[in-house]
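What follows is a single structure, written as structure tokens, with notes after it.
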């Protein structure tokens, strides 16, 4: 008989409540302790299903009553969780551990309380269960009942000495649980207060029971707490009172109750914000109206502005209208200098923008960074708002602190339709910011192909350079925007235009190893021997990076393999510098001077020895490189190796010295 199969059949028989089959399988030696994939034994499953007779049989057959599954639940947990009273009773009679804890440190009593199993809770308490046992989150059985609202169990726990002041890991007492979440348990709150619970207890965030009830919207509990003397203006860690959270969550009736009981309508939290700010931010019109009727200040400013700023930011049109009717300052600013019009344009609230303009908002106001409302609208891509602002006389070429105009911003962000609108209305197409960048530079830098097309069609200067000498072509290539790059060349951009360092597009392509682009650039007319300000040709870049295929292509196109920089470096120097042996071999094959000297007298051999690359040095020596050529600093490649303790290279050069008859060198070494 297959034991594994029998074990599986035993689990199945237990689940199905088939007592006869369970007995048969046990008699046939099925493993009574076999665990399923969750770590549960047949006894776990029998207790879970409430099959009392099977539980009795398994216990008679010595099933382990204390075994735990992967969640550390014993069979007793299973029975408590599912409410099988007789099974629980039987397990306790057979010695199951009433104090056992699961992976969350919860006892069977906590499980039973959480599920509202009154009979089982009664039994567990009679058998000595710890009424104040805590889980790893600090919750006691009483807190579980407070949360779930099991009133009769709650009373029973209190009768058995449950601690009404016990705090969980978040600092919450049972009263917090009863006041909060979706339901709110009025009778439990009432009972706790009768038993002396601290009505103003705070959790780790400074929330009192009243704050929690206001947050969750439990009106009757709020009224009860207020009647019993709860601190109506108790503040949380941010300085918010219960009135704040009631306003924020739209609980109008609770707001009314709080105000009737004298809640401070002018209270400010640690950021300077008021309940009115919260109501306006959340869009609760009737609460905002009530607060204003009760005298809330409309000029209640904090770092993010006044109530009107909040309404404009979130697009609450009717609240904005209400605030304007009460005389709020339409041009008031926040700490960043933004007016309500700035905020509305930034967020794209067209109707509020219209309302503000109708009520006299200053269309030309600038924030602390010099940006007008039009700058915001163009930057964020709000076409209709931009159109409206222009119709109302907004300055189309207004510049911010860095000199960007609305057109700069539209082009940078790729807002094609706004760019069209601005150009139709006369925006300066080649205006420069403080870095010398034009709108075309911005569009190329970000790769916005359609915007680039538009600008070129409208006559943007394709040759313009920014403050460091970079062209639009350079920006497109640097950021790998190849469609833009090719468009610029098709439209007449100078393929040999240089950046601030004198590099052309070909220099960059050679450096990056972009063979196909190199071919295309040369075909387009790129100068293969163009020099940077330091005198580097594209060949220098290709050799320095080891791009052999590009080097071969440049040679094929008659590039100068002996070209020198202003410091006298040849492509061979560059190849040796980074030990690109294949490039070195190719250059030698093409007849380069292996003993060419830089201005300091260093040859390629000096460079290779400096890098300690044995293979390159061997090859250069083989090709006639002078190991004893002196640089201006007075050292030869051979002497450099001696100083560096490069034994292999020293021996190589000694051998070469012997072959070449350098007697003086040999004497210095061995005499």
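Backbone N, Cα and C define each Cβ position, glycine as well.
Going by TrEMBL, these are the annotated features:
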REPEAT    5-37  repeat 'ANK'
REPEAT    71-103  repeat 'ANK'
REPEAT    104-136  repeat 'ANK'
REPEAT    205-237  repeat 'ANK'
REPEAT    238-270  repeat 'ANK'
REPEAT    271-303  repeat 'ANK'
REPEAT    402-434  repeat 'ANK'
REPEAT    468-500  repeat 'ANK'
REPEAT    501-533  repeat 'ANK'
REPEAT    534-566  repeat 'ANK'
REPEAT    567-599  repeat 'ANK'
REPEAT    600-632  repeat 'ANK'
DSSP residue counts for the repeat 'ANK' (238-270), split into helix, strand and coil: 16 helix, 0 strand, 17 coil
Intrachain neighbours beyond the repeat 'ANK' (71-103), with Cβ under 8 angstroms and 6 or more residues off its ends: 38-39, 41, 43-50, 52, 55-56, 59, 65, 109, 111-112, 115, 117, 119-120, 123-124, 127-130, 133, 135
Residues of the repeat 'ANK' (600-632) by DSSP state, where helix covers H, G and I: 17 helix, 0 strand, 16 coil
Per-state residue totals over the repeat 'ANK' (271-303) - DSSP helix, strand, coil: 17 helix, 1 strand, 15 coil
Residues of the parent chain within Cβ reach of the repeat 'ANK' (205-237), under 8 Å, 6 or more residues beyond its termini: 170-171, 175-176, 178-182, 184, 186, 189-190, 193, 199, 243, 245-246, 249, 251, 253-254, 257-258, 261-264, 267, 269
Structural state census, the repeat 'ANK' (104-136) (DSSP three-state): 17 helix, 0 strand, 16 coil
Other parts of the chain folded back onto the repeat 'ANK' (402-434), taken as Cβ under 8 Å at six or more residues beyond its ends: 370, 372, 374-375, 377-381, 383, 386-387, 390, 396, 440, 442-443, 445-446, 448, 450-451, 454-455, 458-461, 464, 466-467
Distal contacts, the repeat 'ANK' (567-599) - CB-CB under 8 A, six or more residues away: 534-537, 539-548, 551-552, 555, 561, 605, 607-608, 611, 613, 615-616, 619-620, 623-626, 629, 631-632
Counts by DSSP class (helix H/G/I, strand E/B, coil) across the repeat 'ANK' (71-103): 17 helix, 0 strand, 16 coil
